[in-house]
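Heads up: the structure comes next, in structure tokens.
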Amino acid sequence: MSVTSRPAHYGFAEHWLPRLVLAPSFLLVLVFLYGFIAWNGALSFTASRLLPNYEWVGLAQYEALFASERWWVAVHNLFIFGVLFIGGAMAVGIVLAILLDQKIRLEGALRTIYLYPLALSFIVTGTAWGWMLNPGLGLEKLMHDWGYAGFSFDWLVNPDRSIYTIVIAGIWQSSGFVMALFLAGLRGIDDSIIKAAQIDGASLPRIYWRIILPAMRPVFFSTLMILAHIAIKSFDLVMALTGGGPGFSSDLPATFMYQMAFTRGQMGLGAASAMMMLVTVSAVVVPYLYSELRRSRHV
Amino acid sequence: MGALAIKNVTKRFGDTHILKGIDIHVDSGEFLILVGPSGCGKSTLMNIIAGLESPSGGEVHIADRIVNDVAPKDRDIAMVFQSYALYPTMNVRQNIAFGLETRGVPKKEQDEVIARVAKMLQMDHLLDRKPGQLSGGQRQRVAMGRALARNPKLFLFDEPLSNLDAKLRVEMRTEIKQLHHRLKTTIVYVTHDQIEAMTLGDKIAVMKDGVIQQFGSPQQIYDTPANLFVAGFIGSPSMNFIPAHLASEGGVIGVSLQSGDAACFAPLLDSQRYAAYVGKRVIVGVRPEQWDLAADGGGLACKINLTEPTGPDTIVFTQINGIEVQARLHPRDARSPGSVLHLRPDMSKAVLFDPETEIRIG
């Protein structure tokens, strides 16, 4: 190290300046992120109702949570939404990326068009799809006006189907983003690999299936991570599109938490559900971060 | 039998003409080199032979069959790429097997082929590794193995050694040549390296701007280059181009050379073929090794500006007729910069070019 040959005051600045610069944001993150997580954790063990109090009740809130039908509807919905949303956005995104990768004209324009929904907030997406899927206002009314009187599309107001409308809107919003990620990955593939496979006699679908998509594994995992955490914390889309309804048929854990903690005066229960979400997200993210960090240390 | 024939092949993208009428004929078992600076169209020509691009005009024949409309996989060819183009997620064994598998070769036969190829290229120990775990030279070997797995009518090598370091490149060059001797398969080999071209090829096509400048054996191209470009491109250090007047002295046609205050008249051998150019300006091409020390004190007294010892030879830099000339001498004959050497060009090997058309005269 050449540090020893430098003047002493230079070493002092070099030593303390980075810490000084980083300290404010470090403090803010420590208090407002980890501090509040800890506070929320503490509240989940109390009998807090409209306002926080510190009457310790042990695991009672968690017991109440697991006994709540509404919570299990929300968890069940999260499962449906998560699987269909991640799978759907991934499938649509990959297909779009492969189609766009065929050296077509106007690629730049098309890419922007497909990516654009990402620029909208989930609130706008939810509101717009709410209008389109509203039987008295959108698609169903349009078809009726055109003379197809038998046409029916009432998923938005059907308690058994309402969660799927959220899936549709979510896929519409996110598949362009998946497309952009995969397109970048596809562009990273050496052209001569495709040529080699052509000479080897492989058809285009086979080249994608056997050679190119397997090479996309890192992109696949990054996309999965991003979509998974979008799915788990989904809140605004549900609020704008269905408001969790009809009834609580399209509740997700995030809307459940919001309802309990801030509108129904069940803050302890809300805190407990928030902790459950934190655990779920951690279960997804921590192994990923661990493997990523371990890999970068080895490189 | 013709292994490969290219007849008046052209290629253009819009108004850009990449290939302007290429004609090549290669016999079975020959080693053809396509050489030229980057952008000369050699890789495009290679892709057209492989069927990865289609020509705008002309015909491509492989084994006496027109293949213009035949898909790459049905052309009975195998190709080695500059970037090796190994399938990144498959191990070496799967890389070699992929093409066989696509063609529906039974598993047992696949294993036999893999064993044969691995033995031939001495890469048994690499079979279960992924391309990412291999060194550049090993990847090169695997890429060749993949091409060897089938017994194609035509091997295509697209600058296969460009990504290797200098030492490995020389080793692999020898190995490719040995492989060709053993297999006797026709090879088309694209390179921008004139040493690879000279050492490997049976036939060389020197290309520039989408046109074949010269097509012939390495020795033909070296001894009688068709034009200034070919003469300058092949050979290292490259040929000296000395501008001079062609004059007739006492019935002998030759050129006068001048270095500093010294001058001499260098008569040309078999000089009557240059008769039409007497009195005109020409460019005399003399390769660095075609200079001899005139021990008798004759020749041209040249002042040495610089020397570059290479070990076996020393390159001596001097000034003749206003341009810098390099002469390759035995180290014991070379003198230090500043001293004077009597040099004599071997005019029997010199070639003359027309300065206007840049084409060889006579």
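A Cβ is built for glycine as well, from the same backbone N, Cα and C atoms used for every other residue.
Taken from TrEMBL, the feature domain 'ABC transmembrane type-1' covers A:75-290. Annotation source TrEMBL lists transmembrane segment at A:20-42, A:78-100, A:112-132, A:163-186, A:207-232, A:267-290.
Note: the stretches the transmembrane segment (A:163-186) and the transmembrane segment (A:78-100) are in contact (3+ CB pairs below 8 A, sequence gap of 6 or more).
Across A:20-42, A:112-132, A:207-232, A:267-290, the stretch most heavily in contact with the transmembrane segment (A:78-100), judged by Cβ pairs under 8 Å, is A:207-232.
Taking every listed stretch (A:112-132, A:207-232, A:267-290) in turn, the largest tally of C-beta pairs under 8 A with the transmembrane segment (A:20-42) is reached by A:267-290. Listed as Cβ neighbours of the transmembrane segment (A:207-232) (distance under 8 Å, sequence separation of 6 or more from its ends, same chain) are residues 78, 81-82, 85-86, 89-90, 93-94, 98, 170, 174, 177-178, 181-182, 184-186, 189, 193-194, 197-198, 253-254, 277, 280-281, 284-285, 288.
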